[in-house]
C-alpha cells in the first residue's frame, strides 16, 4: 500500500516571491466547495422529484375509482389503491430525508468555508509581509552594492592621488574615500538588518504555510469522507425505498392470489340474477279466432272484455258484477275456473313481490356503494342500516339516518 503523501511536503516553490503551491491548494479547496454544491443540488432536485412523485401517486390512488367492481377483485383493487397511496407517502418521507441530508451538507460546507477563511487571512498577511520585506531588502542590497562600488572607486582614486598628487587633492580624495566607506558601512548595516527581518518573516511564512497545508489536507480529507458517506447513504436510501415499494406491492400480490374469478362470477350471478327462465315464445293468434259465439238469449259479448273488466275491478276495488247488467249476462261473463285462477294468480304475484319486513332488521354494509340515481342511497363500509324491503331482484330498500333508498343486497350482512 502506498504511503500517505502530505500537502506540507509537496507544495513548495523555489521562487522566493512565488506562492504557486499555496494557490494550487487553495484552488483545490474551492473546487471541493463547488463539488459540495453539486452534490447538494443533486439531492435537492431528487428530493423535489420524490415529493412530486409521491404526491402524484397519492392523488392517483385517491381518484382511481373502482366502485363498480365487487367481490374479490374489488378487494384486490382496493388493496392496490391503498398500497399505491402508501408508496406515495413513503416517497414523500424519502424527500424529507433527502432534504435533511442536504441540510447537513450545507452546514458542513459553511463550516469548512469559515475555517478556510481564517487560514487565508493568515497566509495573506505573512505573504504580504514577506514580499514587502523582500522588496525592501533587495532595495537595500542594491544600495549596499552601489555604496560598496563607490567606496572602492573612491579608495582607488585616493591611491592614485596619493602617489603623484598635491596635498590638497590627497586630503580631498581621502575624505571622499572615507565618506564612501562610511556610507557603504551604513548601507551594509541596513542591508543586514533587512536580511534579518526578512528571515524572520520567511520563517513565519514557512511555518504558517506548513500549518495551512496540514489544515487544508485535513479539510480535504473531511470533505472527501463526508461526500463519500453522503453518496453512500443516498444510494442506501434509494435501495431501501425500492425494498419498501416491493413490500407494499407484495401486499397487493397476496390479495390477488386470493382473487377467485369463478367466485366473482358466481357472486355477481347471485346478487344480480334477474331470473332463470327465458320469456315464452309469442304465439300466433288468428284475428277471427278471438270472436266467441254468443249463447242463446245473451248479448254478444267477447270473453276478453269480461276478463278486462274483472281485472279492473280488482285493481280499483269495483264490484265483480254490474247491477244494471242482466242476470243472464252476468252468468255468461263469469269466466271458467281455469281462467279465473290465472287472473287472480297473476295479481297475487304482483302484490306479494318482495318480502316486506314487518319489523325492520339491522344490517351492516360490507362495501362502499355510490348511488347511481336519485332513488338509490350512498353507503360506506361499516354503516348500520335498517332493511325495510328485501327485493327479489337483489335491490333492497334500506333506511339510514331517516333516509331511504335502494342498495344492492349483496353488499349487506345481517347483524
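Start at 1 and count along the chain as shown; that gives each residue its number.
Heads up, the Cβ atoms here are built off N, Cα and C, so glycines get one too.
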Stretch carrying coiled coil according to Swiss-Prot (options 162-215, 216-269): 162-215
Coiled coil per Swiss-Prot - which of 14-53, 54-93, 94-133: 94-133
From 298, 318, the one Swiss-Prot labels phosphoserine: 318
Confidence summary (mean pLDDT) of the coiled coil (162-215): 90
Helix-strand-coil residue split for the domain 'SH3' (358-415), DSSP-based: 3 helix, 33 strand, 22 coil
